[in-house]
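S.K.: The structure's right below; bear with me while I get my questions together.
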Amino acid sequence: MAGILAWFWNERFWLPHNVTWADLKNTDEATFPQAEDLYLACPLAFCIFMIRLVFERFIARPCALGLKIQANGPQKAQPNAILEKVFTAITKHPDEKRLEGLSKQLDWDVRTIQRWFRQRRNQEKPSTLARFCESMNGITTTWLWNTRECWYNYPYQPLTVDIHYYYILELSFYLSLLFSQFTDIRRKDFLIMFLHHLATITLITFSYVNNMARVGTLVMCLHDAADVLMEVAKMANYAKCQRLCNLLFVMFAMVFVSSRLGVYPVWILNTTLFESWEIVGPYPSWWVFNLLLILLQFLHSFWSYLIVKIACRAISRGKVGKWNPLHVSKDDRSDIESSSDEDNGPPPAPVQKHYNSTTNGTNKAHGTNGYLSAGAPCPDEH
């Protein structure tokens with residue numbers, strides 16, 4: 001075990017040349033980041049997670065009900081043992097061949113079976129009330145300074161108390177998000193967000209351990225900047241304050257795109273890649289740190305592309321915020337599938353089937369395959 005720890009904490013990986021861990025021990029004159037400081041983040045992350053549950057139950061939920069946001073979720077599918085077995089054990093999205101087989105087995109038409117699977121998928125998605133409560137989280141602060149100051153006298157930069165606690169809180173917050181992904185209803189961008197949380201947690205840990213706390217603080221502040229607008233816009237949408245939602249969505253899009261595609265690459269990546277190379281020089285953990293920052297930039301570009309695409313689509317239809325991959329408006333990550341038929345109709349009765357070109361519910365004229373979205377079309381589930 002001692003050999004593994006010695007290999008993991010190899011000074012030649014973590015620190016610049018001619019710097020040792022002994023050089024960064026705390027003294028009476030200066031305090032430096034210590035790896036053991038981060039142990040506090042794990043129990044604090046659990047506390048944040050529990051506080052979130054209490055907050056949503058006793059504060060966010062009453063606020064949502066006060067705004068007349070409905071607590072009822074989507075309509076439940078009619079109980080059916082055969083379809084439930086297919087849904088849980090085989091597939092949630094049966095193909096045309098399986099639909100026709102089930103249709104013969106149950107003596108239901110294909111359209112009814114499609115509706116059953118759609119309703120069953122919707123049962124696993126949160127209500128508007130649940131999404132509103134989830135959105136009542138978000139606070140942001142930011143401050144900026146000359147980026148070259150991040151590297152002067154590096155790594156012998158004393159750690160201030162405010163940055164120390166900011167790091168611990170941010171690490172605890174992202175750890176709690178990582179935990180809550182497995183308890184919340186799974187969304188379409190689960191893997192992307194999981195990758196984002198892992199990269200962020202690794203970046204926070206790396207930058208703290210090798211005392212890149214100054215530039216790490218800038219990265220965290222920049223990422224926090226747009227979050228509050230996104231969450232408030234979602235809350236406004238769930239409360240049916242559409243004009244306020246539209247305004248906040250536009251503000252969110254402008255802040256997100258300008259900060260992630262403007263400030264981040266031109267300012268943050270510039271200082272971590274070029275100014276640090278000039279002042280400090282590269283070393284192994286420097287490369288890891290910058291590779292993770294570049295990974296974040298790819299995620300920023302992907303999300304910005306989706307936001308701009310949806311904004312342009314909404315403007316062309318004369319309505320902002322109809323769908324947003326970052327769940328600002330209709331929360332497509334957990335959006336409810338809709339049908340051209342009334343899903344509130346009576347239970348299906350046996351029907352005489354005629355297998356022709358439209359048996360699978362496909363509307364060739366409109367290409368809807370039995371689905372009509374409410375308002376603007378939403379992308380397929382993935």
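Note that Cβ sites are derived from N, Cα and C of the backbone, with glycine treated the same way.
All annotation found in TrEMBL is predicted automatically rather than curated by experts.
So TrEMBL has the following annotated:
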TRANSMEM  38-55  transmembrane segment
DOMAIN    83-127  domain 'Homeobox'
DNA_BIND  85-128  DNA-binding region
DOMAIN    123-316  domain 'TLC'
TRANSMEM  165-183  transmembrane segment
TRANSMEM  190-209  transmembrane segment
TRANSMEM  245-267  transmembrane segment
TRANSMEM  287-308  transmembrane segment
REGION    331-382  region 'Disordered'
COMPBIAS  354-366  compositional bias 'Polar residues'
S.K.: At a C-beta cut-off of under 8 Å, are there same-chain residues at least 6 beyond the transmembrane segment (38-55) that contact it? List them, or none.
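M.R.: Sequence-distant neighbours of the transmembrane segment (38-55): 136-137, 167-169, 171-173, 175-176, 179-180, 205, 208-209.
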S.K.: Between 0 and 100, where does the mean pLDDT of the DNA-binding region (85-128) sit?
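M.R.: The answer is 85, the mean pLDDT of the model over that range.
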